[in-house]
């Protein structure tokens, strides 16, 4: 292992997703089996004791790739020299709370963390925002960390992408690894648009379009979409807890593809800074299909968009424009 360790920050590290993701990172799931890591874990003061418990467990697990652990409640210490930042910490919406109240709490959290990253992270730090509202939290972070290149600030829609792959795989009774090129457009919310118009399945007789194999447009245009959109709520209903395992796994997939590249001929979904592609307002953090190579993502261009898709893509963009306005109003 000649590689120098990479420093990976996880915020909200004592929480559910944090607890699920840190062993994955330490095991090489995120950055590969040859990449040593130093984990930086940040959480709030009331979670300090639990955070120390996670640190103890990481030591007890004796991960060969784990070359150090920083566990702290101080954002400056947590951000020092980090190469990758996975922003899981945020303020969850509680019963009876208005959207603006949640937004206002998260705006202040992300404003403070942006300034710590801006001053102390490695100059090429790659940032993935997981905490909801993920797209808008990422936008706030970009606003207050102007020296971090806009291409380095992303949000997680890979969980939705993976959910869509899973639904197609279940429906067609094929291996999930044989399904590719679904797309999640837009916001990581219930307005997201899971699109299978370009998705394909590798079969014994070559690649076949998902639409052709499913042969049920009614299902693909209604139930499939709403199942993916509402999957998070369905898991909360079943587990009485949110989907931490699948979110942690998707965050590892997101960073893994971003750093190590996507397979030739396939793309993934990432919430990235819009450059105006597909008529989406510039400057929103919007989920697009992307390919990754040499640590850089690029939006897949030239995909044919039908009328049904256009309406769905515009509706989720409209929600993001409203969220952006709400976030800016919280900044006063």
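Note: Cβ is positioned from N, Cα and C throughout, glycine not excepted.
Since the structure is predicted, the reported quantities are computational estimates derived from the model, not experimental observations.
According to TrEMBL, the protein has these features:
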| type | residues | note |
| --- | --- | --- |
| ACT_SITE | 188 | active site, proton acceptor |
| BINDING | 12, 13, 14, 15, 16, 17, 18, 43, 106, 130, 131, 132 | NAD(+) binding site |
| BINDING | 93, 99, 132, 163 | substrate binding site |
| DOMAIN | 7-153 | domain 'Lactate/malate dehydrogenase N-terminal' |
| DOMAIN | 157-325 | domain 'Lactate/malate dehydrogenase C-terminal' |
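Known features from TrEMBL, placed on the structure.
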{"residue": "12", "record": "NAD(+) binding site", "Cβ within 10 Å": "25"}
{"residue": "14", "record": "NAD(+) binding site", "Cβ within 10 Å": "25"}
{"residue": "18", "record": "NAD(+) binding site", "Cβ within 10 Å": "25"}
{"residue": "93", "record": "substrate binding site", "Cβ within 10 Å": "16"}
{"residue": "99", "record": "substrate binding site", "Cβ within 10 Å": "12"}
{"residue": "106", "record": "NAD(+) binding site", "Cβ within 10 Å": "24"}
{"residue": "131", "record": "NAD(+) binding site", "Cβ within 10 Å": "23"}
{"residue": "132", "record": "substrate binding site", "Cβ within 10 Å": "20"}
{"residue": "163", "record": "substrate binding site", "Cβ within 10 Å": "22"}
{"residue": "188", "record": "active site, proton acceptor", "Cβ within 10 Å": "29"}
(request) Let me know the largest Cα to Cα distance in Å among the substrate-binding residues 93, 99, 132, 163, as an integer. (result) 25
(message) Among all protein chains shown, how many Cβ atoms are found within 10 Å of the Cβ of residue 16 (NAD(+) binding site), not counting that one?
(response) 16
(message) Between C-alpha atoms, which of these recorded positions comes nearest to residue 99 (substrate binding site): 12, 16, 18, 188?
(response) 188
(message) Checking your reading of the structure: which of the binding-site residues 12, 14, 18, 93, 106 lie inside a 10 Å Cα sphere centred on the residue listed as 'active site, proton acceptor'?
(response) none
(message) Restricting to the binding-site residues 12, 14, 16, 18, which ones have a CA within 10 Å of the CA of residue 132 (substrate binding site)?
(response) none
(message) Between residue 131 (NAD(+) binding site) and residue 93 (substrate binding site), how many Å separate their Cα atoms?
(response) 11
(message) Averaged over the domain 'Lactate/malate dehydrogenase N-terminal' (7-153), what pLDDT does the predicted model reach?
(response) 95
(message) Just checking a number: largest C-alpha distance across 12, 13, 14, 15, 16, 17, 18, 43, 106, 130, 131, 132 for the NAD(+) site, rounded to a whole Å.
(response) 18
(request) Take the domain 'Lactate/malate dehydrogenase N-terminal' (7-153) and count its residues per DSSP category (helix H/G/I, strand E/B, coil), listing them in that order. (result) 69 helix, 27 strand, 51 coil
(message) Cα-Cα, whole number of Å: residue 14 (NAD(+) binding site) versus residue 163 (substrate binding site)?
(response) 25
(request) Whole-number Å only: compute the distance from the Cα of residue 18 (NAD(+) binding site) to the Cα of residue 93 (substrate binding site). (result) 18
